[in-house]
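Shown next, in structure tokens, is the structure this report addresses.
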Amino acid sequence: MSPQTETKASVGFKAGVKDYKLTYYTPEYETKDTDILAAFRVTPQPGVPPEEAGAAVAAESSTGTWTTVWTDGLTSLDRYKGRCYGIEPVPGEDNQYIAYVAYPLDLFEEGSVTNMFTSIVGNVFGFKALRALRLEDLRIPTAYVKTFDGPPHGIQVERDKLNKYGRPLLGCTIKPKLGLSAKNYGRACYECLRGGLDFTKDDENVNSQPFMRWRDRFLFCAEALYKAQAETGEIKGHYLNATAGTCEDMMKRAVFARELGVPIVMHDYLTGGFTANTSLAHYCRDNGLLLHIHRAMHAVIDRQKNHGMHFRVLAKALRMSGGDHIHSGTVVGKLEGEREITLGFVDLLRDDFIEKDRSRGIYFTQDWVSLPGVLPVASGGIHVWHMPALTEIFGDDSVLQFGGGTLGHPWGNAPGAVANRVALEACVQARNEGRDLATEGNEIIREATKWSPELAAACEVWKEIKFEFQAMDTLDTDKDKDKKR
């Protein structure tokens with residue numbers, strides 16, 4: 001190269017491959033308030049040191065590639081690169097480590113969950129040097145939080161819209177989830193709402209199929225909730241699923257729901273995508289619609305303990321993207337959810353400020369500043385005998401959703417709804433009187449059956465139903481110490 005054509009990029013350039021840890025492993029780094037912090041569970045391939053594995057994650061999810069390139073000299077890598085600033089072994093696991101990575105805020109587009117995830121959990125999860133990789137938690141700095149609008153309305157505004165205070169809200173997913181005509185579907189909604197539920201719900205895969213087109217379903221469900229409102233004097237809602245094959249069709253359904261005057265719509269945020277979800281959340285905010293979020297497909301991402309992404313990260317992403325409700329597991333029902341871990345991400349959904357607490361799986365202190373909270377939805381295999389535990393675990397700011405636990409009542413849908421409402425009111429009253437729901441729950445339900453034949457019938461049907469399986473998502477403990485105990 002002649003002196004006339006030599007550039008700054010060529011000065012000191014050495015072609016070839018060098019270890020990631022030489023550039024991206026910086027244990028002396030002091031994190032900034034504006035950094036996005038990530039905790040990865042890293043399982044390196046045999047022979048790969050944990051420092052190299054952690055540095056590889058930082059590199060491949062930020063500025064790095066597999067070899068030194070000329071254009072590195074045209075920017076400031078020290079300003080833009082991700083940094084692995086800490087590594088610790090996972091208790092009780094061989095060859096697993098928690099790698100802490102800090103990302104400069106300038107790496108991310110403002111207000112875009114899509115861009116954030118494309119960087120942090122993009123190609124790096126297919127990296128050959130890693131046997132497995134899981135994103136356990138993120139710390140979102142307040143500077144980045146403030147670029148998001150978050151939930152369309154939030155918990156307090158929803159309560160004000162519905163005029164419902166001092167108790168969890170009650171819902172029901174209409175079953176069978178597929179196959180009903182629009183008219184029969186609307187009839188089931190009406191019966192449940194008339195019986196005392198606050199909401200009924202489309203299931204996640206109810207979109208616009210040949211047996212029930214979306215417009216017909218919207219019309220019959222709107223008729224059902226208005227009729228139930230007139231009879232009960234309470235505000236009712238049905239989660240009209242606006243999820244569609246295109247964003248244009250999704251928005252068309254949301255617009256039609258608004259024109260019908262219903263209070264709430266629904267979206268499958270993982271299958272629909274974060275870009276679509278954020279767009280729908282903006283529309284709901286501008287047009288007074290609440291937004292219920294279903295997490296269909298989440299277990300594909302978060303079920304395995306050593307690979308994928310923990311649901312607490314997906315929950316944080318949803319709070320930023322926008323949603324007023326999200327399914328969060330039940331702890332006591334048929335779906336996955338260990339108590340302390342579930343309550344950890346429930347707090348991340350609802351509270352303004354959450355302290356680091358590894359006993360609940362929370363790796364970082366999170367400050368949401370003024371971002372509204374999200375109501376957790378407990379749904380899946382729950383019935384009246386679970387009501388005391390659900391009320392005690394989730395508290396008032398939650399939605400308890402009984403599908404089969406309403407529609408499976410031997411006397412029909414409306415009596416099933418009555419049973420759930422009576423059980424909830426009994427638990428709330430007992431709690432307010434100072435009784436312990438955890439120890440006296442069954443007694444409280446039995447007492448309530450004396451003045452509610454609907455509840456008595458429900459208790460008889462489901463008295464033997466239990467879902468007792470070991471949770472997959474558990475806290476890390478030292479297995480050798482556990483054995484000694």
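Placement of Cβ uses the backbone N, Cα and C atoms for every residue, glycine included.
Annotated N-acetylproline per Swiss-Prot: Pro3, in sequence order, evidence recorded as sequence analysis.
Per Swiss-Prot, the feature substrate binding site maps to Asn123, Thr173, Lys177, Arg295, His327, Ser379; the stated evidence is sequence analysis. The Cβ of Thr173 (substrate binding site) has 24 neighbouring Cβ atoms from other residues within 10 Å, across all protein chains displayed. DSSP assigns Thr173 (substrate binding site) to a strand.
Around Lys175 (active site, proton acceptor), a 10 Å sphere centred on its CB holds 16 further CB atoms from the protein chains shown. The active site, proton acceptor annotation in Swiss-Prot covers Lys175 (among others).
Taken from Swiss-Prot, the feature Mg(2+) binding site covers Lys201, Asp203, Glu204. Look at Asp203 (Mg(2+) binding site): DSSP puts it in coil.
The N6-carboxylysine annotation in Swiss-Prot covers Lys201 and is backed by sequence analysis. Applying an 8 A CB threshold to same-chain residues 6+ apart, the list for Lys201 (Mg(2+) binding site) reads Gly171, Cys172, Thr173, Ile174, His238, Tyr239, Met266, His292, Gln401, Gly403.
Swiss-Prot lists His294 (among others) with the feature active site, proton acceptor, giving sequence analysis as the kind of evidence. Same-chain residues at least 6 positions away in sequence with a Cβ under 8 Å from that of His294 (active site, proton acceptor) are, in sequence order, Glu204, Asn241, Met266, His267, Asp268, Tyr269, Ile326, His327.
The local packing around Arg295 (substrate binding site), expressed as other Cβ atoms within 10 Å of its Cβ over all shown chains, amounts to 23. Of all Cβ atoms in the shown protein chains, 11 besides its own fall within 10 Å of the Cβ of Asn123 (substrate binding site). The two recorded residues Lys175 (active site, proton acceptor) and Asp203 (Mg(2+) binding site) have their Cα atoms spaced 8 Å from each other. Summary of the Mg(2+) site environment: with the site residues Lys201, Asp203, Glu204 set aside, the chain residues having Cβ atoms within 8 Å of the Cβ mean position are Thr173, Ile174, Lys177, Asp202, Asn205, Val206, Tyr239, Asn241, Met266, His294. His327 (substrate binding site) falls within a strand when secondary structure is assigned with DSSP.
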